[in-house]
Amino acid sequence: MGSIGAASTEFCFDMFKELKVHHVNENIIYSPLSIISILSMVFLGARENTKTQMEKVIHFDKITGFGESLESQCGTSVSVHASLKDILSEITKPSDNYSLSLASKLYAEETYPVLPEYLQCIKELYKGSLETVSFQTAADQARELINSWVETQTNGVIKNFLQPGSVDPQTEMVLVDAIYFKGTWEKAFKDEDTQEVPFRITEQESKPVQMMYQAGSFKVATVAAEKMKILELPYASGELSMFVLLPDDISGLEQLETTISIEKLSEWTSSNMMEDRKMKVYLPHMKIEEKYNLTSVLVALGMTDLFSPSANLSGISTAQTLKMSEAIHGAYVEIYEAGSEMATSTGVLVEAASVSEEFRVDHPFLFLIKHNPSNSILFFGRCIFP
């Protein structure tokens, strides 16, 4: 398999299988890449069985040369962490083309001594950090401190990240991971073309949405065998693209969810499937925000020791008993008209008249936002209603 992109994609689908069981007929949005990166920070300090389980769940065990290269003082092969750091630095560097804010941090109970070399390693490899707080004597103040940090990091978008009661005096360590994204399209949708139309949630139920429109040349794949089609919408940077996987039928989502896999997705989005076609594209405004307690998901995937008294985090702390108490992930994605270049009105008028094919996103679909250079899935989602 051999790469971070493949490992994060495989983890992405494992996670989706778990989430869809617990979130039937609900929107889903999460960032596999951001979850893998913060789990990798924990992984640096995990030892023995805890480490082996983590390696399997995040598919690091399949990365070529993973165990061999450079056993550094950070206790694991540096190559994986270096390539993750490169991808994350690339994606999170300030850009005019999109806003992406990431708030990822570990918070540990201050009575646990944290090894200075661990702090050094996560700083070098991830620009990451672990902060000690007093859960034992001031759990609610710790929660408020965490929430205000997440809010600041995401420019006020993600508020009240940890709910009251989510930490208590018994809390030992919390993994916090929140990510916000709003991109600028390579080709903008024009505000005046947006209209209110019904979005058909089921055969019986529909709700009004703001539907954007543009006509132009887009990469599209028709997957007749699966009764669905795929549209790629590039963001202005050229490095990120959104892929919309749209079933032909209103009720076709379940079949698509059952079929999708890492192999299928790479086949469907390969260059011999995706072709440039003139297309009228209708895409709804979207504002999807979800939050998950990842503890149950990760345990179900096989990462059991980390959250139990059997945890071995001796690379983080000399305390024998340290375990992860909670892992919380939140993702927020907004989809609007804004683009870097406006389509010229005359060109569009001519083109629209000559275009007969439509890609009309007016019923439930899957979508993903991909970092093309590393082939990594930054966001994966299911939209039941935008």
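Glycine too: its Cβ is placed from the backbone N, Cα and C atoms.
Not measured: the values here are computed from a predicted model.
Annotation comment: Swiss-Prot describes CYS74-CYS121 as disulfide bond.
Within its own chain, ASN293 (N-linked glycosylation site) has GLU326, ALA327, ILE328 as residues 6 or more apart in sequence whose C-beta sits under 8 angstroms from its own. Under the three-state DSSP scheme, ASN293 (N-linked glycosylation site) falls in the strand class. Annotation source Swiss-Prot lists N-linked glycosylation site at ASN293.
Feature annotation from Swiss-Prot assigns N-acetylglycine to GLY2; the stated evidence is similarity to another entry.
For SER69 (among others), the entry in Swiss-Prot reads phosphoserine.
Per Swiss-Prot, the feature phosphoserine maps to SER345 (among others).
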